[in-house]
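Participant: Take a look at this one; I'll ask things after.
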């Protein structure tokens, strides 16, 4: 021990407890100082000037020990209807990023081939806040220590509840929103488990704020593996992919026979994945192999190079993947550059660990959710094969809940299929009974909103109860069995002056509530730390004066230019001196903010953030391996 260190130790011996307590509080203060403003996305490269879109993005730690962080991307609603609503969107995989949903499906923007962002007609942020989350840990921009990946659905749901608790601490005014979950494919497993976890959490007592879960939507869901496996060959026959009585059909039927044996032996209604049954779909795809082409399993109207067979689809992926790797984009989204997470559409490491061997399939949770009063909407794109509509329709037909089977209205009487006409075109059909709604989209793929943003938005607004008759705007012409439902707007933004004034009042109220809630917590921590610090300094000075020492701070040997945590804390809030988490930004701030338009030239001049080769190839090697597993759905 050197002279200065020894002197400091003698000077502050007996103060280690005080020092430990203070440092712990200082650390807590630094953590609590992380606020919504730190996540604010000022602009994105290539973002259009209008309409203004308020966004927040970044990582939230859900487990310090394993460095488990989930990435979120929040998009605020353009307008508030009768009440605020938040839709949480999850893509599937397992291990596929929800940026697919954000930039190719329901989000406000699509990426062009010159790295600009175009606004999407029919995006879901018109009357609902959107929250995209990369989960489980390790998916997309999320990260976790090696070996700490999630393997079961219950564990995934528990981690997601932890994420929501921390997210609502940052954005407290959203905690009182009506809450909906939406997603597709393997999210058909995620979402019912998360819904179950939320309903169970709400029963734990009055100390917790009850989250107002109002419904879930699942598109082309991997919900009942048994029904889906058994639907592959009937779907192939129905769509003319395989002809009965041919050598092709015999080869596929042989694979199906092995699958049936496995299903019967294991009685595996309670199994999420059966490798022997995965071979049925692969056999069908192999029968379409001609030259170097094969059928696209996500949209059977298309072909792809063999053996991708749909893995290169949708075409927007070619633009989106490099965009999400540009340094200026990752910086705008507050990606933790120290972790070098990069971005890939699907993670082989996540899917390799997430086998759900001990988890029952989510179809077994649906009856209980429905009977507890949770509305559920299942929708299917007609031209998807991997999670095709026959499998989902069969699971509904066999499911029992609330005293009936399937869409029974009474014993032997089923709810009719109601024709859906959207803006003069036959769009599909609706069928509903006892809290469950099913929608089939004609001529749509595995990713319905990719094909039909306005139609999918109309479905959402109808499900969550938006009626623009109260706020102004041009309603869409959408009719079910010839009858118009609530007025919904899928293109034109409401322009009612009265609506704008009402919305401004709601924004102001929500903003101040958010300030009060987050401010109270920070004030308490600051007050406690200040009191302890003051007592510590006073007692130390008294002791030192008695001993003839001069007080110079906690670590006098460091001199006056300390780089400790407290000086850094003064800059934690970044460029803004206040929290910008409220539903919308002050009009004055919008006026002062520079234009968000970034020219194609300036966007291209930015150095791309490339994971892997200099050519910016799409994904790492484990991604292609993962997507070859047919159970892995985007």
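Along the chain as shown, residues are numbered 1 onward.
Cβ atoms are placed via backbone N, Cα and C, with glycine included.
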Participant: Which of these ranges is annotated region 'Disordered' in Swiss-Prot: 419-446, 447-474, 475-502?
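Facilitator: Based on what Swiss-Prot states, region 'Disordered' spans 475-502.
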Participant: Would you please say which range out of 518-538, 539-559, 560-580 has the annotation transmembrane segment in Swiss-Prot?
Facilitator: 518-538
Participant: For which of the residue intervals 334-376, 592-634 does Swiss-Prot record region 'Disordered'?
Facilitator: 592-634
Participant: Residue 185 (active site) to residue 446 (active site): how many Å between their Cα atoms?
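Facilitator: Computed Cα spacing between residue 185 (active site) and residue 446 (active site) is 8 Å.
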Participant: What whole-number Å value do you get for the CA-CA distance of residue 446 (active site) and residue 384 (active site)?
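Facilitator: If we compare the Cα positions of residue 446 (active site) and residue 384 (active site), the gap is 5 Å.
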Participant: If you draw a 10 Å sphere around the Cβ of residue 446 (active site), how many other Cβ atoms fall inside it, taking every protein chain shown into account?
Facilitator: 29
Participant: Check the topological domain 'Lumenal' (34-517) for me and report the mean pLDDT.
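Facilitator: Here the mean pLDDT over the topological domain 'Lumenal' (34-517) amounts to 92.
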